Amino acid sequence: MGKLRAQNQVLKKGVVDEQANSAALKEQLKMKDQSLRKLQQEMDSLTFRNLQLAKRVELLQDELALSEPRGKKNKKSGESSSQLSQEQKSVFDEDLQKKIEENERLHIQFFEADEQHKHVEAELRSRLATLEMEAAQHQAVVDGLTRKYMETIEKLQNDKAKLEVKSQTLEKEAKECRLRTEECQLQLKNLHEDLSSRLEESLSIINEKVPFNDTKYSQYNALNVPVHNRRHQLKMRDIAGQALAFVQDLIKGLLNFHTYTEQRIQIFPVDSAIDTISPLNQKFSQYLHENASYVRPLEEGMLHLFESITEDTVTVLETTVKLKTFSEHLTSYICFLRKILPYQLKSLEEECEASLCTSALRARNLELSQDMKKMTAVFEKLQTYIGLLALPSTEPDGLLRTNYSSVLTNVGAALHGFHDVMKDISKHYSQKATIEHELPTATQKLITTNDCILSSVVALTNGAGKIASFFSNNVDYFIASLSYGPKTASGFISPLSAECMLQYKKKAAAYMKALRKPLLESVPYEEALANRRVLLSSTESREGLAQQVQQSLEKISKLEQEKEHWMLEAQLAKIKLEKENQRTADKLKSTSSGQVVGVAQEGAAVVTAAGQEDASAKAVPVPVHSTSLIGILTRTSDSEAPDVESREDLIRNHYMARIVELTSQLQLADSKSVHFYAECRALSKRLALAEKSKEALAEEMKAASQNNSRLQDELTTTKRSYEDQLSMMSDHLCSMNETLSKQREEIDTLKMSSKGNSKKNKSR
């Protein structure tokens with residue numbers, strides 16, 4: 001920038017000097033004009049003087065002519081005087097002859113000088129005009145250059161300020177990127193160490209535990225069940241559902257198009273209700289009447305393909321067997337299109353041969369015939385690629401996995417071509433319909449049928465556009481997800497291995513369901529920790545624990561003995577009770593009826609007493625000791641029942657609380673895992689964005705450096721061009737100075753010559 005400013009100052013000085021030189025030249029030109037005017041005046045005075053001299057010479061000649069006869073008369077009288085007069089006359093004649101010659105020479109010189117002066121003046125004026133024009137042009141060029149360079153200087157200053165700001169921001173971002181890269185490098189180092197340790201551990205486990213490697217051979221590896229991706233299956237089913245909806249719309253449009261075309265043939269160019277149509281149109285109508293038998297299977301095949309994609313399967317090209325059925329239905333429909341295409345072209349030609357067919361309508365019919373050919377060709381192309389996609393499910397070597405992406409891309413291109421063809425058909429048919437509506441023989445039935453055909457064509461165009469855009473949006477997902485297994489293997493999978501893999505998947509799912517069993521009851525974790533702390537903090541030794549175990553075993557043996565004793569006692573009491581009951585029965589039989597009544601009253605009293613005892617036992621929860629053996633047994637059994645129920649309730653409540661706690665812990669762990677997964681994804685995305693921003697910044701820095709070098713080159717080139725222009729201007733100024741100096745010399749010589757002439761004239 002400093003160099004540019006210095007150059008600008010130099011240019012300004014040069015412009016000022018040039019302006020001063022031009023002003024000086026103008027002043028000199030004015031002075032020369034004034035001198036020329038003076039010389040002109042002198043020349044005018046000289047010419048006037050010469051005229052006076054010429055008149056005087058004429059007078060002298062007249063006097064001489066008059067004096068000659070007088071001299072003859074007075075010749076005799078005075079010869080001496082005549083001799084003197086002849087001498088004087090000879091002197092005057094010589095002087096006059098000299099004056100005449102000198103005057104003639106001066107006239108010639110004056111005329112030559114005048115012509116030369118005019119010529120020089122004209123040349124100088126022309127050169128002055130050219131120099132003024134060149135000076136004005138140079139001044140305009142200089143002004144334009146100064147303006148341009150000022151604008152470039154301002155622009156460069158602004159660019160410099162922007163680049164400085166941008167460089168500062170880039171430096172800040174570069175520092176941040178360096179910090180991030182350092183952090184990422186640390187994280188990468190930690191991850192590398194962690195992964196290396198895990199790799200070593202896994203390799204050691206594999207070497208120690210894994211008896212064989214089932215992924216060594218691709219034929220056997222193809223039988224491995226891939227990881228179940230439920231999200232992928234749901235997305236594939238969703239995509240298949242969308243494709244089914246689009247295909248249904250397309251099939252509906254095709255059915256309407258063929259049906260309304262059949263109706264149109266029946267009414268145009270000849271109405272079948274009035275006259276018989278041509279055999280060609282009859283055959284064409286018969287074929288079009290069969291369109292549903294070819295179009296409906298396409299919808300059924302797509303529906304079967306959609307139903308084959310479930311959540312439990314693995315959706316890849318090798319397992320989509322129903323795609324072959326859809327391809328076969330599409331092949332049959334293309335055969336139908338090939339069959340009706342010649343009749344359709346001939347029908348259009350028959351319409352062109354009609355008497356009411358205009359040139360515009362004939363042109364539209366020709367365009368429609370070309371469009372129908374293109375439509376059939378597009379369907380054939382689409383069927384070819386769909387047939388290729390159906391090969392992996394039937395033939396293992398029919399299509400290589402490396403060609404999946406190109407085939408899918410070509411399917412998308414074919415769909416876009418179908419959309420373009422349908423747009424052309426819609427455009428040309430709408431023009432054809434408008435022309436036909438203007439015909440005098442156009443009936444309302446023909447207008448309605450044309451509108452229906454046009455609506456079906458518009459529906460087909462919209463459906464083709466939707467399915468083409470849908471396929472283009474999902475083609476990357478199809479390319480990435482329509483196969484599984486290692487990508488480097490060639491001939492890795494076959495339909496038979498895919499079928500076996502699906503069977504193994506079902507068996508694995510059944511086995512996993514069979515393994516699902518309820519968890520066994522366990523001690524709560526907190527309680528186990530508390531017991532562990534108690535066990536660790538207890539000061540009892542093994543001997544004390546052994547003594548306690550021994551004492552508990554002794555107590556258990558005593559209790560077992562007491563249990564056997566009381567069981568024997570219970571049996572004895574039962575036997576005594578039976579004997580007592582038998583004895584009372586015998587007594588009742590032997591006694592009279594009165595005694596029986598007394599015994600019954602006593603029994604009722606005994607029963608009431610027993611009922612009162614039971615009520616008191618229920619009212620008072622404190623156990624009551626009885627001397628009766630049966631009473632002890634019943635009381636012990638009544639006291640043990642609520643303990644068992646309360647214990648069961650406690651265990652049930654404990655396990656329910658444990659289940660609730662485990663579910664809450666599981667939910668917390670799931671939420672934490674989801675949170676950590678989201679954080680990891682966010683960090684990976686941030687890392688990827690940082691890498692992208694780093695690359696973008698590097699590209700911007702590169703572009704800025706290139707721009708800077710380009711600007712420097714431009715500055716150097718402008719500097720050189722400006723220096724060249726300055727040198728050219730200086731050379732031109734030097735040449736102008738030289739010409740001016742020459743002109744000055746010429747003017748000086750003219751002045752000198754004019755001064756000499758004026759002196760000579762004055763002397764004369």
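Cβ atoms here come from the backbone N, Cα and C positions, even for glycine.
A TrEMBL annotation is a machine prediction, not a hand-curated record.
Copied from TrEMBL, the annotated features are:
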type     : residues : note
COILED   : 22-56    : coiled coil
COILED   : 121-180  : coiled coil
COILED   : 542-576  : coiled coil
COILED   : 680-721  : coiled coil
COMPBIAS : 79-88    : compositional bias 'Low complexity'
DOMAIN   : 3-96     : domain 'Protein phosphatase 1 regulatory subunit 21 N-terminal'
REGION   : 68-88    : region 'Disordered'
REGION   : 736-764  : region 'Disordered'
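Comparing 22-56, 542-576, 680-721 for CB pairs under 8 angstroms to the coiled coil (121-180), the maximum falls on 680-721.
Only residues 6 or more beyond the boundaries of the coiled coil (680-721), in the same chain, are considered here, and those with a CB under 8 A from a CB of the stretch are 3-4, 7, 149, 152, 156, 159, 163, 166-167, 170, 173-174, 177, 180-181, 184. A mean pLDDT of 78 is what the model gives for the coiled coil (680-721).
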